[in-house]
Amino acid sequence: MAFLVATTLFLFGQLLLCFSQQVRGVNYTFMREAVEAPVMAYYDYIIIGGGTAGCPLAATLSERYRVLLLERGGSPYDDARVLNMAHFADVLADTSGASPSQRFVSEDGVINARPRVLGGGSCINAGFFTRAGPGYVRALGWDPKEVVSAYQWVEDVVAFQPELGPWQAALRRGLLEIGVVPDNGFTYDHILGTKVGGSIFDAQGRRHTAADLLRYSRPDGIDVFLRARVARIVFSRKGTKPVARGVLYHDARGGSHMAYLNHGARNEIILSAGALGSPQLLMLSGVGPADHLEEFGISLVLDHPGVGQGMSDNPMNAIYVPSPSPVELSLIQVVGITRFGSYIEGASGSDWNSRTSGAAAAQVRSFGMFSPQTGQLATVPPKQRTPEAIARAVEAMSQVPDAALRGGFILEKVLGPQSTGRLALRNLDPDDNPTVSFNYFSHPDDLRRCAAGIATIERVIRSRAFSRFAYPNFAFPATINVTAEFPANLMRMRGGSDPRALEQFCRDTVMTIWHYHGGCQVGRVVDRDYRVLGIEALRVIDGSTFNASPGTNPQATVMMLGRYMGVKIQKERMIAEGSGIEP
């Protein structure tokens, strides 16, 4: 046994070394630390946020113009955990100041995370890759052909067809058996029924992120500065209208830097700092609700009441299903797109990698994306998810027999959603989290869809197709030792399938799946070309502009949007400059 353990540890160490060598193999010549940035510099485009939208946008614009991309975090290629699927939960559980993931807690009490790394959310998410539906594209007035082209540009680098293991295959068959039809096979498209979607994890479990899209960049056309913390956007005036002119940012040592736009009417600053960062930076720069900015002594550039409004997070609820049979380690691969507005997905297997970190960590175990260490604690209502409660859940996991951790989670999440909240400043520190509320299930349609989704999960668990991975009638054997302290929700709710009981279960067990959006919405803060209303030379291009989450998972569409808008901006600029048209 000792020999087996030693051999396992050695092989695991070699795997990490291999990943580390692969990771450090990426070395963009145009990517540097912000401490190396000039005190003052000039560009055609300044993009704030090297995330899921910012990377493809910067790469595209660099084809013809000089672009500056400012990222507040570090490189994903310097952290082996980021690119290794087996360490997905470890990144979310890391709450240190240097973590690629920055934890925040909404006013609703739900623990959440925002990215702090080049590549943004694509570096810390569960990897599922799927497009928006045709109706979503039409509603935003996007050109369908250009959208497909932009998706394909992204997919050529970061998207893969996953090979289903037995648990994911059983989930797929179970969904089809209970009527989530038709069977759409493997596709990136958003279609009613059951499908296998794409993944940004390849067959070796290596994550491919939006940062990989920077390979499309023209090296002489782009500078990428890491650990560049933007303090504010600088404005001038054209008559009474504000005009974005530059950006003040700080490096890791506290040094100040100014980046200005080159002379030219079509040069722009573009915010791509995400659903929390973009509205926060607008407010810190003097663009937002006047009364709120006055509370913090911020000089008003433009009274913009819509900034920070319309914040939404797609609520997720999940059921843990202990299995009598071994299960593979998997993240999201299969989705059931129902007709009633709920999406059914699953993830399987326990993450045992933290057990190799040394004697002190030998008993730390994890449920992967549903681990209490990551903040995904749903056995108590949101307002009770204190650090002490999380610590108790982690301790409870250490006491549970190994057999109880053999299984998977089946989740449902609500489309849209229709419930909305708001974002507000907490202080003047751009590195600190703003306050945000999502008001989960405040709209009755969201609650109805969740209840229907939970009922659907129960039917999947009871299906013949899934029987290999579920105990009959949820009658777990005594060896499983499931107690009230078990840190995951089981299908044992009072009231059975009573809608009121299901709705209460939804409220009490709501978690995030990190699909939050809003704060700079189209029609409210930006126009359909993502220009900030009332301000020249400033756009917002990221998930903060969404009024609803696209498809079942947003990352593919956010990356597509960066490419799509980069191409559109280039084309419109070339036409205008060729004809002498002023903006």
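Count begins at 1; order follows the chain as displayed.
Here the Cβ of each residue, glycine as well, is placed from N, Cα and C on the backbone.
From a predicted model like this one, the values you see are computed outputs, not experimental measurements.
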Practice item. Check TrEMBL and name the cysteine among C450, C520 that pairs with C506 in a disulfide. Key: C450
Study note, to complete from the structure: One finds that other Cβ atoms within 10 Å of the Cβ of G543 (FAD binding site) number exactly 29
Review point. Distance between V230 (FAD binding site) and C506 (disulfide bond) at the Cα atoms, whole Å?
Key: 38
Review point. Given the FAD binding site residues V117, V230, W514, H515, G543, P554, Q555 in the record, what is the largest Cα to Cα distance, rounded to whole Å?
Key: 25
Point to revise | Between V117 (FAD binding site) and C506 (disulfide bond), the C-alpha gap once rounded to whole angstrom | key: 32
Revision key, fill the gap. CA pair P554 (FAD binding site) / C450 (disulfide bond), Å rounded to integer, equals 19
